[in-house]
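First up is the structure itself, then whatever we jot down about it.
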Protein chains: 6
Amino acid sequence: MTTRPSGRAADALRPVSIETGFARHAEGSALIRMGGTEVLCAASVEPRVPPFLRGQGKGWVTAEYGMLPRATHSRGPREAAKGKQSGRTQEIQRLIGRSLRAVTDLTALGEISITVDCDVLNADGGTRCAAITGAWVALRLALEKLVRNRVLARVPLTAQVAAISCGLTGAGPVLDLDYDEDSTAAADANFVLTETGGIVEIQGTAEQAPFSQAQFEALLRLAQDGTTHLFAAQRAAVDAALAARSDAS
Amino acid sequence: MTTRPSGRAADALRPVSIETGFARHAEGSALIRMGGTEVLCAASVEPRVPPFLRGQGKGWVTAEYGMLPRATHSRGPREAAKGKQSGRTQEIQRLIGRSLRAVTDLTALGEISITVDCDVLNADGGTRCAAITGAWVALRLALEKLVRNRVLARVPLTAQVAAISCGLTGAGPVLDLDYDEDSTAAADANFVLTETGGIVEIQGTAEQAPFSQAQFEALLRLAQDGTTHLFAAQRAAVDAALAARSDAS
Amino acid sequence: MTTRPSGRAADALRPVSIETGFARHAEGSALIRMGGTEVLCAASVEPRVPPFLRGQGKGWVTAEYGMLPRATHSRGPREAAKGKQSGRTQEIQRLIGRSLRAVTDLTALGEISITVDCDVLNADGGTRCAAITGAWVALRLALEKLVRNRVLARVPLTAQVAAISCGLTGAGPVLDLDYDEDSTAAADANFVLTETGGIVEIQGTAEQAPFSQAQFEALLRLAQDGTTHLFAAQRAAVDAALAARSDAS
Amino acid sequence: MTTRPSGRAADALRPVSIETGFARHAEGSALIRMGGTEVLCAASVEPRVPPFLRGQGKGWVTAEYGMLPRATHSRGPREAAKGKQSGRTQEIQRLIGRSLRAVTDLTALGEISITVDCDVLNADGGTRCAAITGAWVALRLALEKLVRNRVLARVPLTAQVAAISCGLTGAGPVLDLDYDEDSTAAADANFVLTETGGIVEIQGTAEQAPFSQAQFEALLRLAQDGTTHLFAAQRAAVDAALAARSDAS
Amino acid sequence: MTTRPSGRAADALRPVSIETGFARHAEGSALIRMGGTEVLCAASVEPRVPPFLRGQGKGWVTAEYGMLPRATHSRGPREAAKGKQSGRTQEIQRLIGRSLRAVTDLTALGEISITVDCDVLNADGGTRCAAITGAWVALRLALEKLVRNRVLARVPLTAQVAAISCGLTGAGPVLDLDYDEDSTAAADANFVLTETGGIVEIQGTAEQAPFSQAQFEALLRLAQDGTTHLFAAQRAAVDAALAARSDAS
Amino acid sequence: MTTRPSGRAADALRPVSIETGFARHAEGSALIRMGGTEVLCAASVEPRVPPFLRGQGKGWVTAEYGMLPRATHSRGPREAAKGKQSGRTQEIQRLIGRSLRAVTDLTALGEISITVDCDVLNADGGTRCAAITGAWVALRLALEKLVRNRVLARVPLTAQVAAISCGLTGAGPVLDLDYDEDSTAAADANFVLTETGGIVEIQGTAEQAPFSQAQFEALLRLAQDGTTHLFAAQRAAVDAALAARSDAS
């Protein structure tokens, strides 16, 4: 068993930071950095819902995902120029939307839509997980604004949600894969969890040989421990943003 | 806790049948039925690989997925007419392809591509899982044909792969959701497993509230038990097809 | 003059069968087989009409056509993946729709749309003709269901419609071309006829040299004789389906 | 039986004119007018063939069809802006291409492609027929130029080809429908014929009730007589164009 | 300094003609020729406005631009077949629309849309400028028709608008570039001007080295002088068209 | 004449900053801020040229432009999801590419392509101008890297290029419009200039009434003065980046 390319311990996250307010026009925004991965999450509020929900008194939360062409080691084609979003992009944005809806009380939200755009500015592995963790902060801040503006009586969130990837590598089961680890791992899994220990989404994939139940459970334990730091970072970012707004008023 | 809408036991599969040879031109094909779900899987062999693999001496296995417009309760739009495949379609066909590649020795396959088309003729829940289980049979038969034609020395498969959905419903954790259960389950998960007990893919989603690790493990156990029947059905279908060919020669 | 590759007489149809109810959710469906050609026709009823007909008290009947990628000798690209339907596909589905409308009393139908999906599961020549013949059965059964459900007072069809291809081959003018004949015929023609002897559509094409009026009339005579068997098969399939439903009630 | 809206006799063509050289850059071009219908046909020569023909020593002739948005009574959407060609457009351009190929000796042409663009500047019924008649002139002139430039030893055409529509109207079977007649005819048919009496394409469609064989034969006779004038107009246009070129040299 | 390839003086336009009524169905149309460049401009009136303007009591004027595939020296792909309009096409049609709106009193027009289709039949440089000059004539005639039909009380145009290209070539600053000059000019500029001396649009581009302010002003002077002839040609075409209509009434 | 909404003097730029290295994988990058407008410019080098340039020994410089959906006051649709780039986007990216090529010696560059992606993170007017100014810095740094890596002997740039918008507002002719001014200006113009006083591109548009030559010249003067500050900011950013690299080595 070897050490990780980054020298990190198996259960160590990369340095995490969450900066709010970067997208100046958005009702809530968070620029999340996890090591070399950097994702801008911007929540937009609209006072209407998609056709399939109209007249039901319920709201909607959805997400879109994109990657700047040169967020990656070598430039990728611009999806707008190719004229379609890749299967990977659609898979990721569906995952982010489901994760946010799993902790939102859509009935309490009422006939309001919130779209969280997650755009990767720099990529070094784990972009979908960083997007989920940051998107929750953007969503929370947008909902706080609706409360401040007396559109909502309270923030209709039932939990915090955050995500992290784990994988089976030459260094054994490890937490928070960077690009180098991700591209060579024998298996990887993305875990979307709540701060109360609940599982929102699990996506595990054998990239080479099938893996065992025991291996899978080791990855889940790493994720459960690792996300506690993400939940703390979310709370700190939200608290700081709310304090700043409060000072301003 | 209520009984299941179908009256099935919690750990009961729907009736499974696999008919080979339905797609007469395909190198291998399987029409799989799991209750009211029916998927035609057809494997096509081509003596070349996609550009990103050229010159590496390795083969490729991929899948495409589609649903006839009236496979479902109410007619859905034809993707060819809309001009694009939905995110759901792309997600599913990527999953099928990964599952097949996880049990194929691509180096032993050599510079050959096999595309398995999985088209849903009738849908009643679990189409992606049925597609994976049927696609493996189609792939196996196509590979057997390459061995018979002396293109390959042996069938380059390392395991059987099959898939099943499980979910948390009013009747507790149950195996092999039909459409009614799938659309009301609190959580569901798709498991892609090998006959040797390995995990190839796990996709678990909380549709309503987050679920616990214990609940997830209950679903995994149901899947592990349930797939033993699918592996047996795959072997029976392959054996019958090979016997018929052998008689014919 | 040579014999036909299949050994059939010049005026012989391939074996025909029509199985109803294959598409379990459809209001009417027919799986038609003409030799090695197999088309699944599924009729879907919707209680509204396209914008250009709204408020006129008239109904609409239309068709969509598709071919599974491996219905053919070598795999063709999936139209949904390519992002557009070929000119051939559009030409065929327009023909099927026109043929069905020519025998439907759209005023008696009222503001209802019926879409008949014709999907080729296996192709061996004559798919558009088989689709028309099968689509009429699916349409008829869907209309019978509307009568049973008292949405309509009577079945608003003015005639049966069926189609057959004929061609000038090395064996002279012949009926019901299979793929081998179709790809080498000097000329071919598709005839859409009613059981009362009326002509609904004629499409004749010189693939090599122009043909004469006398040759064309020989093809028309073959079609007129050949379709009598198709009309009988349609009636038998409808009668059996209606009898089964009647038993069930 | 009433008179025709235009007052024309049942077997009377509209005034026909064919002006060559309108598309100044094209190797051959013809602006054909049939009453209020006006189509610009421009033939372009390229010294290569499509991939499916490469290395066979044969040439290719194809056509594209378009209609200016305001060629019609009310403006239609621009197909380039909509992002796709309609089924009608594709059907027509396939018909034009087949008609031209039916009278071209592709082997004598050699590895050369000729594309004839047929663009409708003004529409008053019969645009596809006018396009075929004009396209033959454009093709002929392009081939003459290849002969003049010693690329070809002779013009590889085996016949003239022209087209005309006929229909069953309140005035009985009539020749060369204008828009008013076309939109109300009980049936119409397009005939693509050669000057030697051969049939290249027949497309007959019952717009309302099915029609009889006798009615169909009446339409065919009208077309056979009517096209003699079109063949004469083609020859006159070609002769004038060649004479002018000859004077210029 | 050399002479121009065409032998024209630096400040000489090519021969200009404007023929009205070519598009017989359009409310106003102009076929403009500037030397070898020929553009058909057809104005279509619709009694509604785009969604973003609804309920404001204002009208809309817009333009679409296209080029027949063989308008150019070598055939270009048909945009409708490619499935999208090029960036160049979109840039040009946006320019034409803005130019027309700059001289239209949209409030006086009321809730009416006018679309001017500009289709290039033959191209020899300067097609966007010819399109603007011709489009104004088509727009004017369509507005005159609305006045004649008492839909409008007066023609809601505030000025004439016309356009011309100028460029820096081996012959110095010159007016009205043809294709040969356009493709080799060191810089070129398109000027959209009113007959009262106002500037509506300027687009200047250095194709090779940057140019100086003095050079730019020389181009502007050429354009100001050159457009006086275009404004006269517009007035003559409109006067002739109105006189002919007046005679006819 | 009123004061500007921002209180700026007529000839005052907004605060400008250029941060290099933000896009960590790009060969050169610049995050430019002009007041509330923020554009990330990332240059990517590829050792090949587009097909139309192959074998000529020349290089290519091009640009792509995008805007994050919530860069603006209200969220706009994501172009990748809509499946096409707007006309505005294409117009802007063509402008950026032409501006960069006007100061690049493509022959000295050799068979290398450089694509500069300009993505707007926050928009407050003037995004295309900021993109050009920032893109030049990204391009310069990428070229410096090619020199450091001994791929090129020298940086093949002939000048600095920067851009600024000016407009006619209630406050008269003013420099560097923000969004409020831009959306209400009677006319605006974008100037792309070199530090040696050359004009690379001019785009002037009357949004309401046509403007005069004198007005236009006032705008040009503002731009000429204003860009001197941009050229200084470019040089400072490049010098700092090169110094940092030099320290690192």
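If you go along the chain as it appears here, the first residue is 1 and each next one adds 1.
Using the three backbone atoms N, Cα and C, a Cβ is placed for every residue, glycine included.
Same-site candidate for phosphate binding, as annotated by TrEMBL with C:Gly126, C:Thr127, C:Arg128, chosen from C:Arg70, C:Arg75, C:Arg78, C:Arg88: C:Arg88. Shown in sequence order, C:Tyr65, C:Ile92, C:Val120, C:Ala123, C:Gly125, C:Cys129, C:Ala130, C:Ala131 are the same-chain residues outside C:Arg88, C:Gly126, C:Thr127, C:Arg128 whose Cβ sits within 8 Å of the Cβ centre of the phosphate site.
Least crowded of the binding-site residues (C:Arg88, C:Arg128), judged by neighbouring Cβ atoms within 10 Å of its own Cβ: C:Arg88. Under a cutoff of 8 A between CB atoms, and with a sequence separation of 6+ in the same chain, the neighbours of C:Gly126 (phosphate binding site) are C:Met34, C:Thr37, C:Ile164, C:Ser165, C:Asp176, C:Leu177, C:Asp178, C:Asp182.
All protein chains included, C:Thr127 (phosphate binding site) registers 26 other Cβ atoms within 10 Å of its own Cβ. Counted with DSSP, the domain 'Exoribonuclease phosphorolytic' (C:13-142) comes out as 42 helix, 41 strand, 47 coil. The average pLDDT computed for the domain 'Exoribonuclease phosphorolytic' (C:160-225) is 94.
Largest CA to CA distance in the phosphate binding set (C:Arg88, C:Gly126, C:Thr127, C:Arg128): 13 Å, whole number.
DSSP labels the residues of the domain 'Exoribonuclease phosphorolytic' (C:160-225) in these numbers: 17 helix, 30 strand, 19 coil.
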